[in-house]
Amino acid sequence: MANTLPVLWALTAAALLCRSASFRPELDGVKDYEVITPVRLHTLHRRDTQSSRPDVMKYKIPVEGKDTVMHLEKNEGLLAEGYSETTYTQDGTPVTSTPQNLDDCYYHGRIVNDSESTVSLSTCDGLRGYFRTAARQYLIEPLSGAEDGAHALFKYEAVNAEPPVCGVTNSSWEPVYPPLISKSRSRSSGLSPLQQQKYVELYLVADNREYKKMNSDINEVRKRIFEIVNYVNVVYKPLKTFIALIGLEIWTDQDKISVTTPAGSTLDAFTNWRNNYLLKTKPHDNAHLISGIDFDGATVGLAYIGSLCTGHSTGVVQDHNSRAIAVGATLAHEMGHNLGMNHDSSSCICTGSTCIMSAALSYDIPENFSSCSDANYEQFLTSRNPPCLFNKPDYMSLISTPKCGNGFVENGEQCDCGTVEECKNPCCNATTCTLTAGSQCSAGDCCEDCKFTPPSRVCRRQQDECDLAEYCTGKSTECPEDVFTVNGLPCKGGQSYCYNGLCPTKADQCVKVWGSTAEVAKPSCYDQNTRGTYYAFCNRPSREQYIGCQKKDVMCGKLFCIEGNDNPNYNRFVKFLDCKAIFSDDPDNDFGQVDTGTKCGDGMVCKDHECVNLETAYRATNCSARCKGHAVCNHKQECQCEPGWLPPNCDSKEYTPLSPGTIITIIVIVILLILIVVGGLGAFLYMRKRRASTSHRRVRLNDKPGVNNPAFNHQPKPSDFQVQVQRPKGPPPPPPTISAQAQSPAHNLVAARKALRPPPPPRV
């Protein structure tokens, strides 16, 4: 019996070791990790009673011996209105559906009491994702598949992997495709393009290798994709760019293109498939292929630069890491190229150890864009003006449940300024997403000091002679639709005519293709357009068919230029004599034709590659003459009131209430004027009284006898002149006798002199 005890002890110890090892399974690429058990704290908010996932919740987890509390908020805007999924049956038949009641288990958040923290997690099967404190970056993933079970927590530096790189090698962000000519230019009176809200409707495609990598499980593919997009949303939020997943396609049967290890070949094939098939069935702004293939070398992604809202708004991304967060960083990087961003250089300022547009993905997960990326993005928005970025989705009809605090005004909300910690808007209650007392609005071009701005306020300034300014309505926070002058108005000193807000000229088009020194070729070059060849034609109904121009229309066919660069900025080119033009095998990408609206003669413009008169082209002759009152005609042939005149007849001036600041200024000025007038009047009366007093005193002194005698210079004090007069008592004296009255005047005079003469001095 005694001999068996050591054996039993050894077996028991071995079993315990095996059991302990079972709780620390090996993780792909992880050197070391800590086993922890998260604790969910009380649920803070649940709006939708049908959802098992609360809108806001907290978890407590131990991080390096200290309890850390995560504040999580559901990413309600992950899926856009009309989100759909497409899979394929075994015979290749596509099956498209709009899934209902998807598990909303994707959250953004922060660490409590850590202003520099960020959290991006999924709670579908335990906690899986990424969080960053002020000091370190961590990854967490479940070991048991339950939120209250064992989890692996490890620093991102512990991931052992070769740093992957982006396949883009361009040293400049300049796109290889021509600038867009938009019928609606996005302009704002006070906000820069980076400050304006932007929206990207993203479509993702998972190839067959990715499907098999997820064990041919559609639910696993979906969860993987959602985790990736959840992180991309975190990255682009500071750029005021909202990423909404509009659709997901999974090639469950086989790849629809040739997915090969050269990333460039796969990108070209995916772009062609997207333009020929996907766009026709599912409109979107940007599409990327998530592939399970291993691209050549260390390349994990490739995308066209500055191509959003075009036929080349695409990219390919390798699912190169077992952590979705790392793949999300790569997708954010490639989308950055689509948005005009180039790789970071040593001169770029980055708030972290690495930024999103670094050419190589380092061991640190990037989550910020550098100063160079911000500048590239703003330049792209300003020069390219991609129209799809400013098309606001209908947040009132999002699939996901509305959520207060996500920064987007949704159904049932009056405003949304973000979380309580983020909100700095005095017009909006961040807790209830309602306007504060007395507020009419909280944000917008036509909202100021929580009130609608008056109708006379310019919300979009006139940009040039082919543009019209837009004014607030006084009833909405939104600036009215961008409109332009009536088509056909002369512009650029008669060089052309306005067309949808632009003033198209052949000279500008030559500069766009060949550079700043390019000029328009002589008319004999344009005569070539009658030939109907691949480099000279007016119409191209199919890939191989070219129709020449009529003689009168030659100036509206192929664009011919001289001088400029040796090579064009896009397409291939042909050159003969003093003429050169560009062409493409793809009709959709042939940018060498003269633009619609370009002047082709006096009172003539190009329309559908024909030279027609202005009335035929626009039907807008004397349009403004039909407008009532003080109104002009815009490019939609609608009458628009001139500034300061009210609709509908534009014949009455608008009343513009004064702002509180203006009223206060006027009151202060009036008070100052009153004080000045009162003070001046008081000073005038005082001086007048003083002069009058001085004048009276001089007159009184001059009337005294002896004033001119020096002996009288000494004047007695006023008190010396005061004589006390006593009224005599008794009756008045009797009148003089008659004999006294009978004295002659001479006698009286002598008597008076004697009375006045002093007595003689006594004799000695």
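Glycine is no exception: its Cβ is also placed from the backbone N, Cα and C atoms.
What you see is a predicted model, and the numbers here were worked out from it, not measured in a lab.
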Disulfide-bonded cysteine for C355 as listed in TrEMBL, from C348, C350: C350
Partner cysteine of C459 (disulphide bond, per TrEMBL) from C427, C428, C433, C479: C479
Cysteine from C348, C388 that TrEMBL links to C372 by a disulfide bond: C348
Candidate cysteine (C639, C641) that TrEMBL pairs with C650 in a disulfide: C641
Disulphide bridge to C623 as given by TrEMBL, partner from C627, C633: C633
Spatial neighbours of C355 (disulfide bond) that are distant in sequence (at least 6 apart) but have CB under 8 A: D344, C348, P366, N368, F369, S370, S373
When distances run from the Cα of C350 (disulfide bond) to each of the recorded positions H333, E334, H337, C372, C479, the nearest one: C372
Cα separation, C641 (disulfide bond) to H343 (Zn(2+) binding site) (Å, whole number): 48
Top Cα neighbour of C479 (disulfide bond) in the set of recorded positions H333, E334, H337: H337
Coarse DSSP state, helix versus strand versus coil, of C350 (disulfide bond): coil
Inter-residue C-alpha distance, C650 (disulfide bond) and H333 (Zn(2+) binding site) (nearest angstrom): 51
Of the recorded positions listed as H333, E334, H337, the one whose CA lies nearest the CA of C459 (disulfide bond): H337
Helix, strand or coil at E334 (active site) [DSSP, three-state]: helix
Number of other Cβ atoms within 10 Å of the Cβ of C372 (disulfide bond) across all protein chains: 20
